[in-house]
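**Q** Below: one structure in structure tokens.
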Amino acid sequence: MLPGTSRLPTEASMSWVLLSVLWLIIQIQVIDATLTPELKPHEIVRPKKLPISQKRGLENNQTERYGKEEKYAPEVQYQIILNGEEIVFHLKRTKHLLGPDYTETSYSPRGEESTRHSQDVKPCYYEGHIQNARGSLARISTCDGLRGYFTHRDQRYQIKPLQSTDEGEHAVLPYSWKGQDTVHDKDAEKQVVRKRSHLRTSRSLKNPNEDLLQGQKYIGLFLVLDNAYYKLYNGNVTQMRTFLFKVLNLLNMIYKTINIQVSLVGMEIWSDQDKIKVEPNLGATFTHFMRWHYSNLGKRIHNHAQLLSGASFRHGRVGMAAGNSFCTTSSVSVIEAKKKNNVALVALMSHELGHALGMKDVPYYTKCPSGSCVMNQYLSSKFPKDFSTVSRSHFQGFLSSRNARCLLLAPDPKNIIKPTCGNQVLDVGEECDCGSPEECTNLCCEPLTCRLKSQPDCSEASNHITE
């Protein structure tokens, strides 16, 4: 059951995101976007996989730790030559991309429900940076070649495989969209908030725990895909799932900046027909979804649900969320996901999630290091990977004034899908887990085996657990 109120409030604080119809123009694949004139349209590169150097005097080859059979190591390095310059990606496997109790529900043509617990999701999603390039970022999947995004020297790039192998030919494309950075119309000048009372939990935190402000926080995200979205993929659930996992990888890049780990804990696909009335009126669809969520998903462990719709809504509206609703049963949002690439979709998902976490829209001129703020009132052509000072203040206020303790609920170690030594989580069968050899600072924990060292002071496992 979701933390928070025990019944559905009759009124909810709803935050509208009013964005231009022109936004639809840029919902094409990034590779089709207008390219920066001074750069080559694309460059063909051949990534070279590099061995991970062992630090602290460790001579063991990494295959001893990861095993020869493991295709996707927890840490990898790739080298490419771009514009005559050597670039080395240093990547670490994304942790907890899926929650320990992840389920996937779909329906037969007769309406019969089928739920599976996915245990075989490829662990091929990575995050990291470019070696010796301060401020660089990389989010890349290695499932069938290298595919993803990275930033270098204030330029954004997409890399995609031309062959289904990580060391074959790849295309690297710089991208930006033609026209103004912000896309809007006259009706999208400011955020519209319904004149309804704010959702309240049973009590407020007068003296918030320091963990809420400084500690690691967790979000269990549940995705619902309507029938129109399902049809966009012609019923190919594998293709749809792979795309959404890439989006989730980008979502984590954004929320990692405020110490939040987002895990996908469930997905429901309305493959036979919609379970609510999805209509052009976004507000009405939102109300239908919120009531369906309360009646049908209350017993599934999560703390925010998003409906991704393949339909279009009136007046160019593309998203709606219940503001300040996190840790309540009304923590939901609806997003128009029709024909959006992963960058465009994650921009909307992160924005609406921000509203549920107490963040309001910020003016278009608000500055963020990446050039685009997550909570900007207008969508931008730039990947929004930063929260402004104002948004961080809003979030801190939410943590201080509301019962936001559900953000501290980490996945239960005994339910982790697949034990992985080096993920800093005490999995079943491990005596300790202090991370990779480069990360480990625990003198009693052996990072290669996740076993306690045979030293007199290292006998109590409970004293040497890193979580």
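One-based numbering along the chain as shown.
For all residues, glycine too, the Cβ spot is worked out from N, Cα and C.
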**Q** Can you tell which of Cys368, Cys373, Cys406 Swiss-Prot lists as bonded to Cys327 through a disulfide?
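**A** Partner cysteine, according to Swiss-Prot: Cys406.
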**Q** In three-state terms from DSSP, label Cys368 (disulfide bond) for me.
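**A** In the DSSP reduction, Cys368 (disulfide bond) maps to coil.
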**Q** Are there residues of the same chain, six or more positions away from Asn236 (N-linked glycosylation site), whose CB falls under 8 angstroms from its CB, and which are they?
**A** none
**Q** Restricting attention to the domain 'Peptidase M12B' (217-411), give the mean pLDDT.
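**A** Over the domain 'Peptidase M12B' (217-411), the predicted model scores a mean pLDDT of 89.
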**Q** Going by DSSP, give the three-state secondary structure for Cys373 (disulfide bond).
**A** strand
**Q** Using Cβ-Cβ distances, find the residues under 8 Å from Cys368 (disulfide bond) that belong to the same chain and are at least 6 apart in sequence, listing them in sequence order.
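**A** Residues satisfying the criterion: Val374, Pro384, Asp386, Phe387, Ser388.
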**Q** List nothing but the one residue from Cys373, Cys406 whose Cβ has the fewest other Cβ atoms within 10 Å; the candidates are the disulfide-bonded residues.
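**A** Selected from the disulfide-bonded residues Cys373, Cys406 on minimum Cβ neighbours within 10 Å: Cys406.
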